Amino acid sequence: MGIIVQKFGGTSVGSIERIQHVANRVVEEAKKGNKVVVVVSAMGKTTDELVDLAKQISDHPSKREMDMLLSTGEQVSIALLAMALHEKGCKAVSLTGWQAGITTEEMHGNARIMNIDTTRIRRHLDEGAIVIVAGFQGVTETGEITTLGRGGSDTTAVALAAALKADKCDIYTDVTGVFTTDPRYVKTARKIKEISYDEMLELANLGAGVLHPRAVEFAKNYEVLLEVRSSMERESGTIVKEEVSMEQHLIVRGIAFEDQVTKVTVYGIKHNLYTLPTIFTALANRGINVDIIIQSATNSEEASVSFSIHTQDLPETLQVLQSLEGANVQYESGLAKVSIVGSGMISNPGVAAKMFEILANQGIEIKMVSTSEIKISTVIDEENMVRAVEALHEAFGLADEAKAAHVK
Ligand code: ADP
Ligand code: ASP
Ligand code: MG
């Protein structure tokens, strides 16, 4: 008898009917003889609605109270799912994050899970109950409720799977798996059968919202076998694992994109060894996430450095930079980041050149570039984002597996 963790996202528990459908899928898993732990998100758009309520009261609500508010969404769905399972004659118990033993760091809004004490979950499982855990939440050592960042229920599920040494973690969602790019935007997107942890981590970090990046980090660190699949359809989904044997001929595995990018340029600061540490320490101290950094035009006197940030961090970034002596600041919002990801890049030179050429042929100007071993990111105008993704998707042969083998 194994332990299986199942996670159902917001759309999958978006109505009473859907919760009943989820209950059926949970029962199916339990009937195979498995001990089942279920993690659920808040129903439908509940979290967005709660954020909206807070905004109606304050532009800067207390982060502690935001967590108090947002964590209620998941509490509703765990209780309803437990009731639905009871109606089916199953033994089931719902647990909030703290009841499930999930301890996080002392940080509101985007806390990391530090530890999971599985004693209580194991006890319920041993008593023959299906355990339903609220996703996206935990508690600090000082007893404060925290949340794990938007999309964080995936992380609850994978972290529980790791702590319980579960045989598998199934992420049930509103698509049938991980696609070559977001199928909502690109109709020719194709479901990927298998993907490595590293590739999935890049895609998730670069904007593919299908999995929370920290969920993939946990999966990689603890070698949790992960499958992303549909809560509605029966077909098998995408397996995320260490080694991926199939489709090795592919150079690019997937394309991720995100909007709301702003490029900030700081120029005219006196140049010395401490210019970069001064700027970036000041930003880091305010918790501002800086992405691509380009240092250019350094003569002996003056430095110029550009970096990209999330547009929502712009006001705070400008505040920080204005406090630096002599810094002139320019910024450009309305940008997007489009990234190609694939382990095939390691052994294939010329992938960046091909990407730049494809974008140039579309008349799309590239404003920033960054690369790692298995990804190339470009910053472009937001209005060109979807067109760029479509062109890259087509040219790297992602819509058509057979063709991809010949992409040079
Ligand atoms: P859930 O509520 O189940 O967690 P999410 O909305 O967080 O669901 O994630 C699923 C969504 O992720 C899909 O509806 C899809 O639009 C989006 N998505 C973005 N990139 C991808 C991708 N590469 N493959 C599949 N889905 C993707
Ligand atoms: N309910 C939370 C959100 O909407 C967490 C999640 O769904 O994973 O972000
Ligand atoms: Mg999600």
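All residue numbers here begin at 1 and follow the chain in the order shown.
Every residue, even glycine, has its Cβ placed from backbone N, Cα and C.
Packing around GLY10 (ATP binding site) is summarised by its Cβ count: 24 other Cβ atoms lie within 10 angstroms of its Cβ, all protein chains included. According to TrEMBL, the ATP binding site annotation covers LYS7, PHE8, GLY9, GLY10, THR173, ASP174, ARG184.
The annotation substrate binding site is assigned in TrEMBL to THR47, GLU74. The Cβ neighbour count for THR47 (substrate binding site), using a 10 Å radius over every protein chain in view, is 24.
Confidence for the domain 'ACT' (264-338), expressed as mean pLDDT, is 88. Marked as domain 'ACT' by TrEMBL: 264-338 (among others).
According to TrEMBL, the domain 'ACT' annotation covers 340-408 (among others).
Among the binding-site residues listed (PHE8, GLY9, THR47, GLU74, THR173), GLY9, THR173 have a CB atom closer than 6 Å to some atom of ligand 1, in sequence order. Between the CA atoms of ARG184 (ATP binding site) and THR47 (substrate binding site) there is a gap of 21 Å, rounded to the nearest whole number. Filtering PHE8, THR47, THR173, ASP174 by Cβ distance to ligand 2 (under 6 A) retains the following binding-site residues: THR47. The binding-site residues close to GLU74 (substrate binding site), defined as a CA atom within 10 A of its CA, are GLY10 out of LYS7, PHE8, GLY10, ASP174.
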